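In what follows, a structure is listed as structure tokens, so that the remarks can point back to it.
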Amino acid sequence: MSKPRKQIHLAAHFPGVNNTTVWSDPAAGSQIGFSSFVHLARTAERAKFDFLFLAEGLRLREQGGRIHDLDVVGRPDTFTVLAALAAVTDRLGLAGTINSTFNEPYEVARQFASLDHLSAGRAAWNVVTSWDEFTGENFRRGGYLAREDRYERAAQFLTAVTVLLDSWRGDEIVADQESGTFLRDADAGQFAHRVAQFDISGHFNVPRSPQGRPVIFQAGDSEQGREFAASAADAIFTRHGTLEAGKAFYADVKGRLARYGRSPQELLILPGVTFVLGDTPSDAEEKARLVRRQQVSGPTAIAFLERVWNRDLSAYDPEGPLPDVEPLFDADPIVRGRADSRGQDQLETVARWRAVAEQDKLSIRELVIAETGRQSFVGTPQHVAQALDEFVQADASDGFILAPHLTPGGLDEFADTVVPLLQERGVFRTEYEGTTLRDHLGLAPLPVQDRADLSGAAS
Amino acid sequence: MSRSAAPLHLAVALDGAGWHPAAWREPGVRPADLLGAPYWAALAAEAERGLLDFATIEDSLGLQSSLPTGPDGRTDQVRGRLDAVLTAARIAPLTKNLGLIPSAVVTHTEPFHLSKAVATLDHVSGGRAGMQVRVSGRQEEAAHFGRRRLPQVSLAELDSPAGQELLLELFGEAADYVEVLRRLWDSWEDDAEIRDVATGRFIDRDKLHYIDFTGRHFSVKGPSITPRPPQGQPVVAALAHAPVPFRLVATSADVGFVTPHDTAQAAEIVAEIRDQQEQAGRGGETVHLFADLVVFLDEEAGRAAERRARLDAALDAPYTSDAAIFAGTPAELADVLEDFAHSGLTGFRLRPATLPHDLARITDGLVPELQRRAAFRTAYEAGTLRGLLGLPRPANRYAAA
């Protein structure tokens, strides 16, 4: 017991465009109206959360050649909503996914620098890449990037953005009305950067922002993704919601930091998790079962099965047995616009699903619910608070990104019941101590780069 | 042509510490605050207090410069700015009626991104969004993106064949860009979201549409990821000084900003744009034409001219502008505006020489004066920008009749 208890970091994920979000519930509100974003942001800030997180997609998902219509469809522009939320919150971090494939560094750098100014130091960026021609059809360059080049693109994009942001050290603006000197330095913002993906030069036009650069998140689990995070990210957004998987991932990623001259607390590990609360354990379990049925309607169950089988199964009854037809592994993917989940384990999945359905006498829908829908934390507020705390103290994570299943009120109960219990346990803040997101995350302020170093790094 | 009984429309153009390069040195200005949200929120609140139709926010993809071709290396003027769309989003929740028109460069940016950004500005402002289309012919800005070479053409060479070719290319691309914006805004029908529990469908996908735009500079498939904004299509504005940009206003914009220096010139510009509007088949549509004016305003006679002289003394040469410069009292400005309005202009975008001073004289001097003359609203009559401008909510081009 000599080790001090780790402080938990908490974030709220605005319910997204997958079947985790239950739109069919009578309590489900608008996915696009600004009031929904305000509600969730204010709840998160009332509960002293570290940040709010918004995901992004740049092409509506399709299945079987048609726009997927069973889940929430449609969302706002990430930057614009975060800037607007800066007006209705004071401390809450504002994090968003921005794609490095279908953007250019100059524009993204000025958008994040602007967001950081407009929020007084609360911006964060989840750097993602996509490579597919499908998404590229909405953009000038089309699908230009080879799949194997996407991490190079992401790493070079992030470096280019950093070069731009660091082109202002932060002391250039004198604004002395008497002498008429506005800038100390006529070279303010000057940059030149030439690598495989970029050849850019000129003057960056947003002076240094309060955090210097946005807090950097990386999401993704591959070997390359882990290495990228260890080298360049401040936080990693994982999917390891179980204790054992979490501990293994945590040890692996934190173990990579020393190679980059970084200490373990310089990269936070934050799994995305779901939760269901109840007055009693059995009440919570019953609610969780109900939510899973809402998340997996009959048509959604068929759609899931089609993604695994990679073929049209619309003729099958979701309340009936699994199809006896074989999967089509060699055909073009039936789904476009989301991560391709097909791989070597596809055969294994089909075999396991058949065995489980046979053994437990499950219908298609029951099987999909059993195999895909389980929430990460289910129980009374006491039980969930304890489980979250144990998860963090066991070094399975540094905190959580909570994805409520309801918009916009899905975090209310957690804020009212679980957060006070975490505060009582002494593992979660009762007041914000700092003003910037780096402060909340316990990250030291960034040192100001010397421009001479930068031009060296860029050559 | 005489001014109809329709009241004037008034807008303010916000940029840095004001449009005069020495504005930041004026007493009462806190130049270190220009990059903070409170500064912009206060200006928006002041504009809204004056019942103005909208505020525009300037932007560029390079450092401000006194030279048309590239950076000037000056250290005695405001340099550095914030992204205008995000600044508008930051002040949207703090205002209720004021229209918000950030400017955005279309030459190097993605129409898909800007479409959803402006649609989202419309969602977060409850239907008060617009955008001012800007083209960039600057080589320096092209080098910031490193993806395209633009020929070096000086201002003086714009009338040469090379200059005209560049203008046609940039403004042609801008017209394509606006076409893509509008198609993407229409790519969701208003009632596409159905939440039909019986069939498990969140949307009626037959009410989402591919836009399938193919042009010289980009092709965009669609549909947008963002549902149709409250106004259907946010307001598109453009500043125009010459025949090629006049055509962009006539074919693509809802509001054109023009820069006549006298009423005869105003009448010529209006006639030319109206003619092109007719040729573009938009004769029946409302396209507002606002004259831009730089204003120095003080109640006391002679004071504004003194201030202008004092500000000019801080420069190497007196400040000049593409727009006419006015220095005088609010009542004198009201006379000028009424006079200009006889040439068929429907409104004015005033560029305050200094902020917040000249904006405050607009709201507490000019606006009451125009109200006394029954030439300006006394209360906001609509909750959307289209409503304030008398523009109908456009029908969706993809919806079955």
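Just so it is clear, glycine is given a Cβ too, placed from its N, Cα and C backbone atoms.
According to TrEMBL, A:Thr97, A:Ser222 bind FMN; the candidate from A:Tyr151, A:Tyr316, A:Tyr432 that the record adds to this site is A:Tyr151. It is A:Thr97 that, of the binding-site residues A:Thr97, A:Ser222, has its Cβ surrounded by the most other Cβ atoms within 10 Å. Using a 10 Å radius centred on the Cβ of A:Tyr151 (FMN binding site) and all shown protein chains, the other Cβ atoms total 19. Put simply, the two farthest-apart Cα atoms among A:Thr97, A:Tyr151, A:Ser222, the recorded binders of FMN, are 18 Å from each other. Restricting the average to the domain 'Luciferase-like' (A:27-394) gives a pLDDT of 93. DSSP classifies A:Thr97 (FMN binding site) as strand under the three-state reduction. Mapped onto three states, the DSSP output places A:Ser222 (FMN binding site) in coil.
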